[in-house]
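Participant: This is the structure, below, for whatever I ask next.
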Amino acid sequence: MLRDVLGKTFRFLGYTVQYGCIAHCAFEYLGGIVVCSGPSMEPTIQNSDVVFSENLSRHFYCIRKGDIVIVKSPTDPKSNICKRVIGLEGDKVCTSNPSDFLKSHSYVPKGHVWLEGDNLRNSTDSRCYGPVPYGLIRGRICLKLWPLNDFGFLRASPNGHRFLDD
């Protein structure tokens, strides 16, 4: 009797560890569901929108300008932020705020990306903390799940004019 109970307990623990490892790998390498908060990505992503973030792009270095990414915050490593990629390494980016009369530009250093929120007037982003190391990218948002009336792929940046091509 005791042997049966111990056998079932160890089998249960073994399956739990196996499925836990599978779940961990799925969330780490494939993707997961993310609830976004804050106004920095409005109107593209509203507060409390639910999105799907895939993680394969960051592993294969397939992040492109215009992608919306989930990133470990450069100022608070316990939290994640959601921003749009404006520039990749070597790109020339506008480092000033839209309201600034004199525009300043800089180049994104090797191994970094330049991130900005779509709501430029209400976003703490690379204009404040500078270029972000590529290694802090956790995933790329590819689909909005909630609210259902906005279900689908995300729209283009309302700030497309900030992408520089020289």
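Using N, Cα and C of the backbone, Cβ positions are placed for all residues, glycine too.
Checked TrEMBL, it gives:
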type	residues	note
ACT_SITE	Ser40	active site
ACT_SITE	Lys83	active site
DOMAIN	16-97	domain 'Peptidase S26'
DOMAIN	103-146	domain 'Peptidase S26'
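Please go over these features one by one and say how buried each is and what sits next to it.
Facilitator: In sequence order, Ile81, Cys82, Lys83, Gly117, Asp118, Asn119, Asn122, Ser123, Thr124, Asp125 make up the list of same-chain residues 6 or more apart from Ser40 (active site) whose Cβ falls under 8 Å from its Cβ.
Taking DSSP states H, G and I as helix and E and B as strand, the domain 'Peptidase S26' (16-97) has 19 helix, 26 strand, 37 coil.
Away from its own ends, the domain 'Peptidase S26' (103-146) comes close to residues 31-34, 39-45, 49-55, 57-58, 61, 63, 67-72, 74-75, 80-97, 152-154, 157-159, 162, 164 of its chain (Cβ-Cβ under 8 Å, at least six residues beyond either end).
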Participant: For the domain 'Peptidase S26' (103-146), how many residues does DSSP put in helix, in strand and in coil?
Facilitator: 10 helix, 20 strand, 14 coil
Participant: Across the domain 'Peptidase S26' (16-97), what does the pLDDT come to on average, as a whole number?
Facilitator: 87
